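Asks: Quick one: the structure is below, questions incoming.
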Amino acid sequence: TPPLSLSLSRIHPLLFSVLPLSHSLSPSLESIHYFSVYSPSLSPSRIHPLLFSVLPLSHSLSPSLESIHYFSVYSPSLCLPLESIHYFSDVMYICPFTGLVTGTLTSTNYKLYFISLERDTPFILDVNLGAISRLETISVQSHGENTRGMEIVCKDMRSPRFAYKEDASQPEIVEVLAKHAFPLSNDLPLFAFLYKEEFPVDGWKVYDPMAEYKRQGLPNESWTISKMNSSYEVCDTYPALVVIPTSIKDDHLKGVVAFRARHRIPVLSWIHPESQATIVRSSQPLVGPSDRRCKEDERYLQTIMDANAQSHKLTIFDARQSSVADNNKAKDGGYESESFYPNVELNFLEIPNIHVMRESLRKLKEVVYPSIDEAHWHSAVDQTHWLEYIRVRRTPLMGGTGRALCVITCVFQRVGHGDENHANSERSPLFIQFIDCVWQMNRQFPAAFEFNELFLITILDHLYSCLFGTFLYDSEQERVAKEVQTKTVSLWSYINSQPEDFTNPFYVDYEHQVLYPLASVRHLELWTGYYVRWNPRMRPQMPVHQNLKELLFLRAELQRKVDELEREASSSRGSLSSSSEHTSSPSHSGGTPLHTIV
């Protein structure tokens, strides 16, 4: 992004300045260049308050860390706790597109920031430390003696590489990054607990379980909102409030709790407002190799079906492969037998486990980064099987449109939340696949969703950024124990404070209409806006979200004109009606209605 000469009064209100203490600002503010540290592909309006660099053109940054001072341009009280700031000079970014780029690298406890020494068109790269999956040393002997190499493997499809000279007077770059990229392993707090930005909207109030259940028409005669798990003693991974059948008694429920893995009993997730068809989730039953039965569990599922008077069948979608489910029986797990559960139809979705999904994402990363083989693009993407796995993830979502369908989603596979092991090998791309499915739906129905693509990308970026508390920890119980809502900022505070950036200008209210997406692979596309965004050859010259903002402004202007025309038309009809009382004409007894169409 080319540097911009700005006056102090024009600085975006969410900026931080980096000023060498050894130099004062030039009397002319026009001699200062401002560089975005967030992402060169994002518009300035989306830059979150870390950071804009202020570099006097006549001086370079001092190599001494102590000579850098951070202050807030917005408010003296607004300060990011950028402790342990480290500055490294003469670092070479091994760019896969343009070759070596020499510059300076700054590391805080939140972000890595590299800027080239080129002043006219500086190259800028930044990485949220939370997005770092692992740090690896690489061989860079061709770059001279005493040169070390580093590869930063990221969770967002990037793996930038750097080369730098060993300097005994400076700390090791890899050690500095590792310390803050993996804070819990170094007895440091997560950055989200240090970040104290204030927004006009409180994102923690966006979701209220009681309000959401009320919106769905709950409780009703068949379903009740239970506080049985209010202290998380029944199931530590379930929320405090759960919806269960009204007729189920506590003593009956105890048998069901004991028969389900990790006590994840079937609880309601969604109910259709008209047909009363429900989506219910649970874990696998503990039938074991001897096919144990549980009368309480069998009656519980029958009660779920009976809750919908129109339903005569209970359809269970088990996400696992049938072979895996059979193997789980040997470990005291298993699945519902159609012989023991009357009126039940069991469907295995045959979705591979997280190891296969993770390998598929790894292969996709090799296809899209750092270079793309144009001649074999489609075949290379096909060999990753990524779109095939997106297809199987979408299929059960389509099944929910049936008239009297009751679904139990068997959530057996880990979704990336480890108990105590947060290693890279335990992270699942399931949430990325879910957001990808949403994008596929958005692409097929471009007017059905009020949010745009930037909204989805922002969610995925902050899934790992550790700037917000929204995606921290594995369960509601852990979030309550860590006081996440009072000690961190919600991502929704940021998003809902600037909705114009994330709004789809083509949105049309599809209320009471069912969307029927095409789930075959030939109708799916690779989400290049997310997976391939780091390749400059795949990036549009004008960011798509910028065009959407302009369309939003245009739509607002057109709507304003429509409103004015309607008021004028209404006034004209009133005048005509008044005059017709004095001069009535048989040939004009029925006026032609005025319709305004945009």
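If you go along the chain as it appears here, the first residue is 1 and each next one adds 1.
Heads up, the Cβ atoms here are built off N, Cα and C, so glycines get one too.
The following feature annotations were taken from TrEMBL:
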BINDING   N328, K329, A330, K331, N353, I354  substrate binding site
COMPBIAS  571-598  compositional bias 'Low complexity'
DOMAIN    203-531  domain 'Myotubularin phosphatase'
REGION    565-598  region 'Disordered'
Asks: Can you tell which of the binding-site residues (A330, I354) has the fewest other C-beta atoms within 10 angstroms of its C-beta?
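Replies: Lowest Cβ count within 10 Å among the binding-site residues (A330, I354) is A330.
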Asks: Highest Cβ count within 10 Å among the binding-site residues N328, N353: which residue is it?
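Replies: When each Cβ's neighbours within 10 Å are tallied, N328 leads.
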Asks: Between K329, K331, which of the binding-site residues has its C-beta surrounded by the fewest other C-beta atoms within 10 Å?
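Replies: K331, out of the binding-site residues K329, K331, has the fewest neighbouring Cβ atoms within 10 Å.
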